[in-house]
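Inspection log for the structure reproduced underneath, given as structure tokens.
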């Protein structure tokens, strides 16, 4: 690479690094949210134990895992996220839903009406949960971020995911502003693999 090309590359990288409108892409692996009652059934005499904090405030991956049992198969050792919620919810990718024979709909978190059921199993207990979904892609953002992007809660935007060799535009991305949210777009593992997303991938809103 000659000096002119190298200088242009460095300038482009610096510009991208300083761009306030770029959005970190977070890849959401399959996971489970549990009510306190369901947690106690699956893990009697245990407390939910923090494995590592997540990017959004007060949320964490716990040390506890469960097996998801569907009509055609099982997904083993699926991480429980904390803290406990008002409703238990299972989030898996489309490919996983097909593998275990569950017709999971694409929904935002918490929108569980009509979602199918699966059995959750640990060595100490089992529960049947109605609430298996494929998470609809969305962007967590602060209220200040929302003002900067010119969006409000529930707005739909398109985001160009700026991954190497596979730049991809994702439509139908839901904006989810809240005062304490940290800016991050969430996609599932199927979407991430299709777009060659790694742990240092960013996106940018291209249409609002």
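Note: Cβ is positioned from N, Cα and C throughout, glycine not excepted.
What Swiss-Prot says about this one:
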| type | residues | note |
| --- | --- | --- |
| BINDING | 27, 28, 29, 72, 79, 193 | CoA binding site |
| BINDING | 31, 33, 91 | Zn(2+) 1 binding site |
| BINDING | 85 | phosphate binding site |
| BINDING | 138, 140, 186 | Zn(2+) 2 binding site |
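Residue 186 (Zn(2+) 2 binding site) sits 12 Å from residue 91 (Zn(2+) 1 binding site), taking the CA atoms of both as reference points. When the binding-site residues 27, 72, 85, 138, 193 are screened for a Cα within 10 A of the Cα of residue 91 (Zn(2+) 1 binding site), none qualifies. In this structure, residue 72 (CoA binding site) belongs to neither helix nor strand by DSSP; it is coil. Nearest to residue 72 (CoA binding site) in space, judged by Cα atoms and limited to the binding-site residues 33, 85, 138, 140, is 33.
One residue stands out among the binding-site residues 79, 138 for having the most other Cβ atoms within 10 Å of its Cβ: 138. Between residue 79 (CoA binding site) and residue 31 (Zn(2+) 1 binding site), the C-alpha separation comes to 5 Å. Distance noted between the C-alpha atoms of residue 138 (Zn(2+) 2 binding site) and residue 28 (CoA binding site) is 11 Å. Each of 26, 137, 139, 174, 176, 184, 185 belongs to the same chain as 138, 140, 186, is absent from that list, and has a C-beta within 8 angstroms of the C-beta centroid marking the Zn(2+) 2 site. Each of the binding-site residues 31, 72, 186 was scored by how many other Cβ atoms lie within 10 Å of its Cβ, and the smallest score goes to 72. Put simply, residue 33 (Zn(2+) 1 binding site) is 7 Å from residue 85 (phosphate binding site) when counted between their Cα atoms. Put simply, the two farthest-apart Cα atoms among 27, 28, 29, 72, 79, 193, the recorded binders of CoA, are 26 Å from each other.
In three-state terms derived from DSSP, residue 33 (Zn(2+) 1 binding site) belongs to an extended strand segment. Listed in sequence order, the residues 30, 32, 81, 89, 90, 109, 135 complete the 8 Å Cβ shell around the Zn(2+) 1 site centroid, once 31, 33, 91 themselves are left out. Of the binding-site residues 28, 29, 193, 28 has the largest number of other Cβ atoms within 10 Å of its own Cβ.
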